[in-house]
Amino acid sequence: MEGEYAPRHFQVGFIVLSYVVSFVGSLSTLELLQLRTGTRGAYNWYLLIGSAITMGGIAIWCMHFIGNRAIILYNDEPNLQLQYSQEYTTLSVFVPIVVLFGAYLLCGTGDDTSMFWVIAGGFGAGFSIGGMHYLGNAGIANYTCVYNIGYIVGAVIIAVTATCIALSMFFRFQKSFTNGIWKRILAALLLALGVSGMHWTGVVGTRYRYHQLNDDRPVNRRDIVILTLVMSVIACVGLVGFAIFAGRARMQQRHRVQEVTLVSVTFDEDGKIMVHTDGTLPTATITDSFREKSFEETFGPTHWAFQWAYRTSSNWKSVSDLIPGMRQHVRIASTKRSSLGSYIVDYHLLFREQFCVAAQSLADITHRSLSSVGVLHTNLLTSGYDPERRGTGKVLFLVSQVEKQFHPRGFRYAAIDTVLPILTNTMQVPQSELSTILSEMELTARSPPLSLPASGVYIACFA
């Protein structure tokens, strides 16, 4: 038996399981990459490292060893199955992770993504798949692998092609992938197909020549399968967490379109708009249940509440010191309403406080001071009309412009047209109206502030 080629066959169950594991790792990778807001900051580095681990460690490494578990030699005699050296097995974990880290770093994120670097990253990712496969095979302790060169070339071509296509789909259309989980699933299926296709093409082109084990105790394939399954389960739990978080966010959004909300619209020097990683605008609720009939029917630019809010947003310093007291009073009023009903005696005062508290919340969310959160835009939108509910929602906008280097964690900048469908869907407003008002806001943000001489007498009219 020494030196002869081992007869083999395959277990279909492990082949299917290996593909599922690769899919889970690929989908986890795309979910993590989707959350990246840029190339700077600890948050983005954590996501980049995590995506390299899920792809290299689970989609590739785990897939390889579970797939090799499907290879049955000598009619499944226990002592004649594939066993692995500890050194090569450990090394094969880190090689694809390091290479993929560099590949995803090349790809970039958001509007900075270049298709040239995406393709370059795809080549790196594809070669890492092939490199891990043959490095893992080099760790087989009781057999010598004999390769067919044609199958090696074909396997690498499959890995590179599938990876380039999948990454191109994802990074090129990343904005539309935000609210389309099925699109990310499709890209993950393609990535997993590239990994599995490369693996099984390589396996078919490999023959195993038996030789005796060394004195060193090798790693049993059963132990490796247990480890890979544990890693895959952890990835599955992470995906479930992503799904629950996304579901809660959608539920909150559906409820929010019936509220009076305050939205931060922040432009950079290039006219791009600052959004969350999912393409939505920073939003805070002004009021949800504290509504008067007259408020619902007449609220708009001519309403007293809107005009007061407009004046206040032009001089946030006049109320910034009062925010803690306002927040406490709003909390007390909410408690009273829960016990006494919806009627609020000092509703006029309460709404003003709620507006200021919402503005401070937006400042906190976007990591800046209240004075720089922006000025209230003169137009507002009606959102989420539903005749079965008490009223429709109102959307107010605080508009500001920041310098290009302002890049708070958890946000990215995007062209208006790329996120317009997402904003229209989440706000439930007509796309034409939202497009028009965003264009007006961009002009407002670019307009220089009024500059007056230090001395003199001025007459002003607020109309």
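Just so you know, glycine gets a Cβ as well, placed from its N, Cα and C.
Bear in mind that TrEMBL entries carry predicted annotations, made automatically and left uncurated.
Annotation source TrEMBL lists domain 'MHYT' at 10-209.
Per TrEMBL, the feature transmembrane segment maps to 12-33 (among others).
Cβ atoms under 8 Å from those of the transmembrane segment (45-67) belong to residues 14-15, 17-19, 21-26, 28-29, 32-33, 35-36, 92-93, 95-101, 104-105, 125, 128-129, 132-133, 136, 191-192, 195-196, 199-200, 203, 221, 224-225, 228-229, 231-232, 235, 238 of the same chain, restricted to positions at least 6 beyond its ends. Residues annotated as transmembrane segment in TrEMBL: 45-67 (among others).
Look at TrEMBL and you will find 87-107 (among others) tagged as transmembrane segment.
According to TrEMBL, the transmembrane segment annotation covers 114-136 (among others). Remote same-chain residues near the transmembrane segment (114-136) are listed as 55-56, 60-61, 64-65, 68, 84, 88-89, 91-92, 95-96, 99-100, 102-108, 147, 152, 155-156, 159-168, 171-172, 194-195, 198-199, 202 (criterion: CB distance under 8 Å, separation of at least six residues from the stretch ends).
If you look at the transmembrane segment (148-173), the same-chain residues 6 or more away from its ends with a CB under 8 A from one of its CBs are 26, 30, 33, 107-109, 113, 115, 118-119, 121-123, 125-127, 129-130, 133-134, 183-184, 186-188, 190-191, 193-195, 197-199, 201-202, 204-206. Annotated transmembrane segment per TrEMBL: 148-173 (among others), in sequence order.
Under the heading transmembrane segment, TrEMBL lists 185-204 (among others).
As annotated by TrEMBL, transmembrane segment applies to 224-246 (among others).
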TODO: Quickly jot the same-chain residues contacting the transmembrane segment (12-33) by Cβ under 8 Å, restricted to those at least six beyond its ends, or write none.
DONE: 47, 50-51, 54-55, 57-60, 62-64, 66-67, 69-70, 104, 109, 166, 170, 177, 184-185, 187-189, 191-193, 195-196, 199-200, 228-229, 232, 235-236, 238-239, 242
